[in-house]
Amino acid sequence: MADNQNLEALKAPGAVFFIFGATGDLARRKLFPAIFSLYREGKLAEDFAVVGVARRPRTNEEFRDDVFRSIQEFGRYKSSDQEKWNKFAEHFEYKSLDINNVAGFQELKEQTEAIEQKFSIPGNRLFYLALAPELFGSVSLNLREGGMLDNEGWHRLVIEKPFGYDLKSAEKLNEELGHVFKEDEIYRIDHYLGKEMVQNIETIRFSNLFFESLWNNKYIANVQITLGETVGVEERGGYYDHAGALRDMGQNHILQLLTMIAMEPPSRPLAEDLRDEKVKVLRSLHHFADAAEVKANVVRGQYTAGQSKGKDLPGYREEDKVDPDSNTETFFAARVSVDNFRWAGVPFYIRTGKRLPVKTTEVVIEFKKMPGNIYLGQKHDLQPNLLVIRVNPMEGIYFKINAKKPGSESEIAQVAMEFCQSCLVGINSPEAYERLIHDAAKGDSTYFTRWDEVASAWAFVDKIDAAWKENPSDVSSYPAGSWGPKEADELLARDGFHWWPVNGEEEDNVIWVAASSS
Ligand SMILES: NC(=O)C1=CN([C@@H]2O[C@H](COP(=O)(O)OP(=O)(O)OC[C@H]3O[C@@H](n4cnc5c(N)ncnc54)[C@H](OP(=O)(O)O)[C@@H]3O)[C@@H](O)[C@H]2O)C=CC1
Ligand SMILES: O=C1O[C@H](COP(=O)(O)O)[C@@H](O)[C@H](O)[C@H]1O
């Protein structure tokens, strides 16, 4: 009984989910599998439906086949029972329309009313825009013009990143959306906020006395945030060549991770309180004053041909749909300061890149060194304590401490005490998109970015971009499969630090103690 009650509380209310861009890459790889997982776990009400929208012609049957293939290829759960699949698939319909043509929306309205009647759906409508950002404004206007918002029930707009190209374009887009939707109806996706371990940062920080009491500039020497990718630009060269790493990963995912690490505890466990704290961090970021300051603190790189695991990899300029003379950065690293009471003097080193040696998202908190004076003269190099939060692909945390090497007389060894969440049997963490779609359907905006966060992040990034534009070809190169240009190491070396190894590239002399059941 208690379990049933819990399940009921988890269920999102009945609604129609509109996936605009239903024939696209994101829908196929992430959104359909996420909806299936929510259904399998009983997190969707029985009275739900999904309407896929794009220009390509598709019958409902063809669309359901597309959805089936996407789930079998990319889903956490696969479908193996035809009868159960048919029951799920009958909730899916397709509508071919051009976003720019309002007549299509009027037809969509009629189709939607019939679906709502068929499944007794109470009129709630969630519009997920898995579309190129240029279409976001038109789709919201045409939803209104086509009468899609005239009914009773809630209306929510879920928007993919990038939200604009810079502050100015983001403001324009926000204004366009604001003519149709209120701020609390807009859910701006940053899928990193849906990741299990990103949400866990809040819990780790605010439920452990020994972390929170050390979480400041008295005890922390620096923070390192790495979002490494082994892939190149794949099929997205056309988009990426206009975006680059700073816009693609920096303005959103990295700065969001940084806010989770740096924010003050929210006064109440409410979405607005958490977002208030995050925006305060973004407002505290030191904005680089001019090109010289950017040059001293930000490194940009582009990959050239290289090798990974014995495989030859092309350079960025040889990639499909990329300008052969492109100066777009596929890597950036920066030394960032959060100018507030807690963090003054603590450098935050951030980096991301395509074609790095490993796929990894990790945050390393390096604590200040102990004086070590009582060990002087004993050939001990006392290492600093580290707290490492592993977000992706491994999930977990570990803490590095110094201890007497087992069996030795006085030797000191580094011990890594690990909670390896992904090693735990039975844990199959929900994908970020599952959580976020579920949250949006329940009206919980905690892990979506509010407009003032987006605007503050752009204001910071625009300063870097403006400096880069003054000298567009000043981009360092790095061979595919390496850790980026050497200047990224120099950023830290200057301060007496270095990047800590990530994702299992651990030093040999560390003793691991695992707190998992694997
Ligand atoms: N793919 C990814 O991994 C990620 C994507 N994103 C973001 O998600 C969004 C979608 O990306 P992605 O799926 O890769 O893009 P795709 O190019 O693969 O898909 C775009 C979709 O838009 C549809 N479309 C284009 N023009 C129109 C139009 N005029 N009217 C109706 N439908 C139209 C296309 O269908 P059709 O041609 O049939 O009309 C297609 O379904 C983008 O904002 C992207 O930045 C964010 C993070 C990761
Ligand atoms: O938003 C994006 O994220 C992906 C990386 O996401 P992850 O969850 O696999 O770490 C990145 O490849 C893509 O370029 C970017 O647009």
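Just so you know, glycine gets a Cβ as well, placed from its N, Cα and C.
The secondary structure of His253 (active site, proton acceptor), as reduced to three states from DSSP, is helical. Sequence-distant neighbours of His253 (active site, proton acceptor) (same chain, six or more apart, CB under 8 Å from its CB) are Asp190, His191, Tyr192, Leu227, Thr352, listed in sequence order. Sequence annotations record features per position, and here TrEMBL assigns active site, proton acceptor to His253.
If you look up TrEMBL, you'll see Gly21, Ala22, Thr23, Gly24, Asp25, Leu26, Ala27, Arg28, Arg55, Asp98, Ile99, Lys161 marked as NADP(+) binding site. Thr23 (NADP(+) binding site) has a Cβ environment of 19 other Cβ atoms inside 10 Å.
Feature annotation from TrEMBL assigns substrate binding site to His191, Lys195, Glu229, Asp248, Lys354, Lys359. The Cβ neighbour count for Lys359 (substrate binding site), using a 10 Å radius and every protein chain shown, is 13.
Across the compositional bias 'Basic and acidic residues' (309-324), DSSP assigns 3 helix, 3 strand, 10 coil. What TrEMBL records for 309-324 is compositional bias 'Basic and acidic residues'.
The domain 'Glucose-6-phosphate dehydrogenase NAD-binding' feature in TrEMBL is assigned to 19-200. Across the domain 'Glucose-6-phosphate dehydrogenase NAD-binding' (19-200), the model assigns an average pLDDT of 96.
The domain 'Glucose-6-phosphate dehydrogenase C-terminal' feature in TrEMBL is assigned to 203-500.
Sequence annotations record features per position, and here TrEMBL assigns region 'Disordered' to 305-324.
Among the binding-site residues Ile99, Lys195, Asp248, the residues whose Cβ sits under 6 Å from any atom of ligand 2 are Asp248. Among the binding-site residues Asp25, Ile99, Lys195, Lys354, the ones whose Cβ sits under 6 Å from an atom of ligand 1 are, in sequence order, Asp25, Ile99. Here the Cα atom of Lys195 (substrate binding site) is found 31 Å from that of Arg55 (NADP(+) binding site).
In this structure the C-alpha atoms belonging to Asp25 (NADP(+) binding site) and Lys354 (substrate binding site) are separated by 19 Å. In this structure, Arg55 is the one among the binding-site residues Arg55, His191, Lys195, Lys354 with the smallest number of other Cβ atoms inside 10 Å of its Cβ. In this view, Ile99 (NADP(+) binding site) is surrounded by 25 other Cβ atoms within 10 Å of its Cβ, with every protein chain counted. The Cα of Thr23 (NADP(+) binding site) lies closest to that of Asp248, out of the binding-site residues Glu229, Asp248, Lys354, Lys359.
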